[in-house]
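According to TrEMBL, the protein carries these features:
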TRANSMEM  54-72  transmembrane segment
TRANSMEM  78-108  transmembrane segment
TRANSMEM  115-132  transmembrane segment
TRANSMEM  152-170  transmembrane segment
TRANSMEM  190-208  transmembrane segment
TRANSMEM  220-244  transmembrane segment
TRANSMEM  359-381  transmembrane segment
TRANSMEM  402-421  transmembrane segment
TRANSMEM  433-453  transmembrane segment
Amino acid sequence: MVWAASWISEVSSSNANRKTFKSSVKPGWYYFGRKMDTADFEWMMWFSTFREHILFALSGHVLFAKICSMLAPQHRSLVYMVYGLLAVWTSMGWTYVTLILSHCILLYSISLVKLRWLCFVTGLATLATFKCEPFVSWQADFVQGDFELRHVLFYGGCGFTIMRCISFALENCERKEGNYNILELLKYNFYLPFFYFGPIMTFDKFYVQVTYITREMWNISVQGLIHLAAILVVDILFHFMYILTIPSDVKLLKHVSDWAVVGLAYTNLVYDWVKAAVMFGVINTVSRLDHLDPPKPPKCITMLYVFAETHFDRGINDWLCKYVYDYLGGKHNNVLEELVATLCTFGVTILWLGPCQVVLIWAFFNCFGLNFELWTAKFFSMEPFASFEMAMSEAMSRRIRAIFNTFNFWTIVLYNILALNSLDFAKLVAKRLLLRGFPITTIIVMFVTYCLIQVIKERERRQDKGEKPF
C-alpha cells in the first residue's frame, strides 16, 4: 500500500524520531545488531520465551499419537486424552486438574436434563466466575507454583474448557436418543493441542473426526514450511518495524505524517491476522497429523469489507454462529431477530473476553455495524432502488456497492484497532484520516481502497462461477 510504504520510509529515515522512540522500546531480544519489538506477549511466549516448552509438549503428543495410531488406532482418542491429562497435570498440578474436572462434571450433569437454556445459563455463569472476584482469586489458588506462564495457562485452560463443555452440553441436548458418556467429554476437552490456546472445534465435529478417520493427511510438510517462513519473516520485521510499540508512543506519533498513521493502523491489523494464522496454523498442523480437520485460519483483513465476515478466531466465530447467532437469527433477514441475535452474540463475546471499557466500546460498534448492514440492505431492496439496480449491469452494480464497502472497510479497521491497540490510537487514526488528512490523504486512501475492493469482488465473482481466480 502507498501509505504503508511512506510510513516505513519515514520512520526508518528520521533520526529525531528514532531517538524519541528508542526510550519506549521494551527491553528485549537482540538480533541483527538491533533490539527486537517485544510488545506482543503472545508472540514472544510462543516463538521466543517458551518456544522449547511448547515444542516439547506438542512433539510428545505427536510421538504418542503416531505410535498409538499404528498399534491401536481404535483407541487413539483415549491416548490423546491420557497424554493431555498428564501434560496438564505436570504443568499445572493435580489441584488444577481437579478444578477442570469439577467444571466438566457440573456441565455434564446439567446436559443430562436436556434443557438447552439451562445448559447455556449454567455454562455462562461458570464462565463468569473467571471474570469477577472473589471467584477468580479462589479458583486461581488451585494452581501450584509461581511461574511466568501460570496466569496464561490458567485462564486459557479454564476459558476454553467452559466453551468446550457448553458445546458438549448443547450437542447432547440435540441428541435424539440417549446421552454421550462423560468419557467422550473428557476426550474432547483434554485433547492437548487445543486445550490451552484453542482453537475451538465444536463437539459434533470433533466426535466424528476423532472416532472415525474420515480424512487423509494432506500436504502437511508444505503447511509446516509456510508457517516456519512466516515466523522467520515476522521475527525479522520485529527488528526493523516496531509496529506494535509505536502506537503507544504519543510523542513519536506527533512527528509522523497522516500516511504513516494510516499505514500503521493497517499494518497492525495485518500483523494480528498473521499472528492468528501462524499460531493457530502450528496447532492445526499438529491436529491434522491426527486426521482432524480443525477450523481454518481467519480471513485476511485485506479481504474484509463487510462486518458479517469479520473475525480473527474462526473457532470462536464458528462456535458463536452455531450456538447463538444462527440459532437466534435464523436466515438473518428479519431486522428484530437480527438485533436480538447480534446483541446476544456480542454479550457472550464480552463475557468471553472479559468486560472492560475497550471491549464494551468495541462490541457496541461492531454490533451496530452488523445491524446497520442489514438495515441498509433492507432499505435499498425497497422501491425504487430495487428497480434501479435491476436496470443496471452487473459490473455497474458491483462498482456502486464497492463505494459503500470502501467506507465499511475503514470502519472495520477503526473498530478493530480500538481492541488491538487503544482508544486513543483509534481516535488519532480517525482524526488523521477523516479530518486532518482531508481532502488529499482521505481521497487517495479511499480511492486505493476502492480499487482493492473491486479486485476482491472480481476474485470472489470468479470463484462463485468456478473460474480460476487470478
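Glycine is no exception: its Cβ is also placed from the backbone N, Cα and C atoms.
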Ask   = Same chain, outside the transmembrane segment (54-72) by at least 6, Cβ under 8 Å from its Cβ: which residues?
value = 46, 79-80, 83-84, 87, 91, 192-193, 282-283, 286, 289-290
Key: Non-local residues, at least 6 beyond the ends, that sit with Cβ under 8 Å of the transmembrane segment (115-132)   = 103, 106-107, 139, 155, 158-159, 162-163, 165-166, 169-170, 173, 323, 348, 351-352, 354-355
Ask   = Do the transmembrane segment (359-381) and the transmembrane segment (402-421) come together with 3 or more C-beta pairs under 8 Å, pairs six or more apart in sequence?
value = yes
Ask   = Who are the chain neighbours of the transmembrane segment (402-421) in space, where the CB to CB distance is under 8 Å and they lie at least 6 residues beyond its ends?
value = 247-248, 265-266, 268-269, 272, 301, 304-307, 310, 312, 358-359, 361-362, 365-366, 369, 373, 376, 429-430, 433, 445-446, 449-450, 452-454, 457
Task = Count, for each of 152-170, 190-208, 433-453, the Cβ pairs lying under 8 Å from the transmembrane segment (78-108), and report the range with the highest count.
result = 152-170
